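S.K.: As annotated in Swiss-Prot:
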BINDING   His78, His80, His247, Asp322  Zn(2+) binding site
BINDING   His78, His80, His247, Asp322  Fe(3+) binding site
BINDING   Arg87, Tyr150, His183, Glu250, Ser327  4-imidazolone-5-propanoate binding site
BINDING   Tyr150, Asn324, Gly326  N-formimidoyl-L-glutamate binding site
Amino acid sequence: MLDTLLINIGQLLTMDQEDGLLRREAMNTLPVIENGAVGIENGVITFVGTAEEAKGLQAKEVIDCGGKMVSPGLVDPHTHLVFGGSRENEIALKLQGVPYLEILEQGGGILSTVNATKQSSKEELVQKAKFHLDRMLSFGVTTVEAKSGYGLDDETEWKQLEATAQLQKEHPIDLVSTFLGAHAVPKEYKGRSKEFLQWMLDLLPEMKEKQLAEFVDIFCETGVFSVEESKEFLLKAKELGFDVKIHADEIDPLGGAEAAAEIGAASADHLVGASDKGIEMLANSNTVATLLPGTTFYLNKESFARGRKMIDEGVAVALATDFNPGSCPTENIQLIMSIAMLKLKMTPEEVWNAVTVNSSYAINRGDVAGKIRVGRKADLVLWDAYNYAYVPYHYGVSHVNTVWKNGNIAYTRGEQSWSTATI
């Protein structure tokens, strides 16, 4: 007997097409079962099909979804989850048009958050991050990548990674930990970036032994780390058994996209300034292009990543919030979906695949997350919507009704959710 059977699902978005990264036409295709049903037993999906096919199945609990839509739990593959403080004091500078790198030089930006994170205890960081994770869950996210990078010293970086490990045990959302010690060059290492990177590399063996990080990342940008420094650093991390990511071409077209494809990074993230050659190389690689349009929006910039061109050229595109206190302080991945549709010229179908299938591959979770398939974890979202296009179309609010994590209800809007209204 099933534990739970969901029936009367108007649109069941299984996302279950070909295995592997989705590109071109596959990104614009959504496998949808009309009038669907999903069976759950011991936290695992055991039935996926139509309501007609589900007749005769027995379950301890039968949930009538009222003709609404069900999707897999969403995957946010790029966040800076664990940090201290906030940076609303920088809003005035941004409105005045002060460039981010100039704010950084003045001790703001990342360095401001570094100081606040250093001054926070691990428990304070955990409690703050739980608040943000709760919000992410309420937007339908069940798997999240979490970076360190607000320490720039060994003690604080360890503290962030240990906080992430504690959150993994205490919060229902699945976390994927990334070490981003190379997020900026500390003042005491100004002009000595190679020495700083070696210091970061010296931390990796113990980090690997304690399993505190799965990925290593670096901020490859003008005034931070060069392409050659980034490649050398990430290749050494790969030699130690880590998978790697790269903050690439966010501000200037340095060649970060090319570097990511060349070294076989799991993802290249941002890519606002990615060159035509970089896009071509990504298209011919298994590196996911994780685009972060919420950051471009919040920084009030005119030029967004060329998502349309990337998809047309064959790049596997994912979307993420880039949740962080400075350049994208939002947990709302649904808003990111809307911005991607409007500013990156992505179709609703492409947007959905970019926050499920491709985003799961960007963090090496393609075999466990992002799809509704028999044998996978029952990470599901019931939406207060009757079709998938409605979610990115009606922007700025959450359309989530209920979230199941491993077959258990982890979030419900409850009585606040409409039940009799029609769209």
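Just so it is clear, glycine is given a Cβ too, placed from its N, Cα and C backbone atoms.
Values in this document were obtained by computation on a predicted structure and should not be read as measured data.
Describe each of these features in terms of where it is and what it packs against.
M.R.: Neighbour count (other Cβ atoms within 10 Å of the Cβ, all protein chains): 29 for His247 (Zn(2+) binding site). DSSP assigns His247 (Zn(2+) binding site) to a strand segment in the three-state reduction.
A simple way to gauge crowding: the CB of Tyr150 (4-imidazolone-5-propanoate binding site) has 31 other CB atoms within 10 angstroms, across all the protein chains here.
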S.K.: Taking the Cβ of Arg87 (4-imidazolone-5-propanoate binding site) as reference, which residues of that chain separated by at least 6 in sequence fall under 8 Å from it?
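M.R.: Non-local contacts for Arg87 (4-imidazolone-5-propanoate binding site): Gly108, Gly109, Ser112, Thr113, Pro325, Gly326, Pro329.
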S.K.: Write down the Cα-Cα distance for Glu250 (4-imidazolone-5-propanoate binding site) and Asn324 (N-formimidoyl-L-glutamate binding site), rounded and given in Å.
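M.R.: One finds 15 Å between the Cα atoms of these residues.
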S.K.: Using a 10 Å cut-off on Cβ-Cβ distances across all protein chains shown, tell me which of the binding-site residues (His78, His80, His183) has the largest neighbour count.
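M.R.: Answer returned by the neighbour count: His78.
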S.K.: Pick out which of the binding-site residues Glu250, Asp322 has the most other Cβ atoms within 10 Å of its own Cβ.
M.R.: Asp322
S.K.: Between His80 (Zn(2+) binding site) and Tyr150 (4-imidazolone-5-propanoate binding site), find the distance joining the two CA atoms and give it rounded to the nearest Å.
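M.R.: With the alpha carbons as reference points, the distance is 9 Å.
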